[in-house]
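Data block below; observations after.
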Amino acid sequence: MSWQEKINAALDARRAADALRRRYPVAQGAGRWLVADDRQYLNFSSNDYLGLSHHPQIIRAWKQGAEQFGVGSGGSGHVSGYSVAHQALEEELAEWLGYSRALLFISGFAANQAVIAAMMAKEDRIVADRLSHASLLEAASLSPSQLRRFVHNDVTHLARLLASPCPGQQLVVTEGVFSMDGDSAPLGEIQQVTQQHNGWLMVDDAHGTGVIGEQGRGSCWLQKVKPELLVVTFGKGFGVSGAAVLCSSTVADYLLQFARHLIYSTSMPPAQAQALRASLAVIRSDEGDARREKLAALITRFRAGVQDLPFTLADSCSAIQPLIVGDNSRALQLAEKLRQQGCWVTAIRPPTVPAGTARLRLTLTAAHEMQDIDRLLEVLHGNG
């Protein structure tokens, strides 16, 4: 089989399964409205949970940062790309979340890959929730360590896997809020079992940070858990992009030596770090509390109105509200019908989610209004 035949076969298989991914160029993709092909849609696919991507204070901070520092960092943080803006953001994040150190990364994917690649050796074991994000599971699969997956949120199964003899160290990996189901991990129980077996806990709280807990401190703070490794991302609750790893001083020093994604990548622009500092200030403020309260009310309204639809509603109190349809083609058809009626909704299919669980992944944000939720419910009921 030639290279072209190999590529064609893979694409043909995706098409046959109604699983071919496509991108749509949009004129506006974050916030309440999505604009594509000169048409405006209510946007129920954005991860901009607090509606901060267009916040004037954050936009102003980015502009001022660009005027002060330029539009790029100029290099890796190990060479010339670590500015006083990066340093200030790291210190503010560490203080906010109660850690000694924070290290910035260009994306959550890079942060997860970097930590696992740097920390894990052949004699070690990774025990991951089987529904963990692709960045975590891919990094674990590529590492020299043994990878074992426990049944989603099943602490008993986790304990059984941890009890199996391991010559090295054990790292338990999970998410705070799961990206495709919107449910939360029982972090207190997971941490207890992990500590009983002398392991470390790594939590990716991409979808909880900024959105839940006191001052938006996220899933771990809400559940009174402090994992050894906490990954937070800035493309969801913060409304920007990038990520950080929160850890001890010695782990931070270790990652600065051995995390190749950090060492060999150009760091985020200092202007972006300034925007993130402004976003953090909003998240921690009374305004941040008000946005979280509004989002919670929108979620309650949606869940109350969707109960009698012929879909499986995930057990989620988060901004992620999936409606599990099952069949790939049915999910695609529903998403298209909703778009035709002015609601931009994305169909998520395998391999992103398990086979037979294709879904409409609906996301609600503080930028929405109650009438937007009512319109979504009206359209869903008309197509259920």
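Each residue, glycine too, has its Cβ placed from N, Cα and C.
Database features, via Swiss-Prot:
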BINDING   ARG21, HIS133, THR352  substrate binding site
BINDING   GLY108, PHE109, SER179, HIS207, THR233  pyridoxal 5'-phosphate binding site
MOD_RES   LYS236  N6-(pyridoxal phosphate)lysine
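When Cβ atoms from all protein chains are considered, those within 10 Å of the residue listed as 'N6-(pyridoxal phosphate)lysine' total 29, not counting its own.
Among the record's substrate binders, ARG21, HIS133, THR352, no two C-alpha atoms are more than 18 Å apart, and one pair sits at exactly that spread. Cβ neighbour density within 10 Å is lowest for THR352 among the binding-site residues SER179, THR233, THR352. In sequence order, HIS133, SER135, ASP204, ALA206, VAL231, THR233, GLY235, ALA243 are the residues of the chain that are 6 or more apart from GLY108 (pyridoxal 5'-phosphate binding site) and have a CB within less than 8 Å of its CB. The secondary structure of PHE109 (pyridoxal 5'-phosphate binding site), as reduced to three states from DSSP, is helical. Here the binding-site residues are ARG21, HIS133, HIS207, and the one whose Cβ sees the fewest other Cβ atoms within 10 Å is ARG21.
Cβ environment of PHE109 (pyridoxal 5'-phosphate binding site): SER135 lie under 8 Å away, each six or more residues apart in the same chain. Nearest in space to LYS236 (N6-(pyridoxal phosphate)lysine), taking C-alpha to C-alpha distance over the binding-site residues ARG21, SER179, HIS207, THR352, is HIS207. You'll find the Cα of HIS207 (pyridoxal 5'-phosphate binding site) roughly 17 Å from the Cα of THR352 (substrate binding site). The pyridoxal 5'-phosphate-binding residues named in the record, GLY108, PHE109, SER179, HIS207, THR233, extend over a maximum Cα to Cα distance of 13 Å. Cα to Cα, THR352 (substrate binding site) and SER179 (pyridoxal 5'-phosphate binding site) are separated by 10 Å. On the backbone, the CA of ARG21 (substrate binding site) and the CA of SER179 (pyridoxal 5'-phosphate binding site) stand 18 Å apart.
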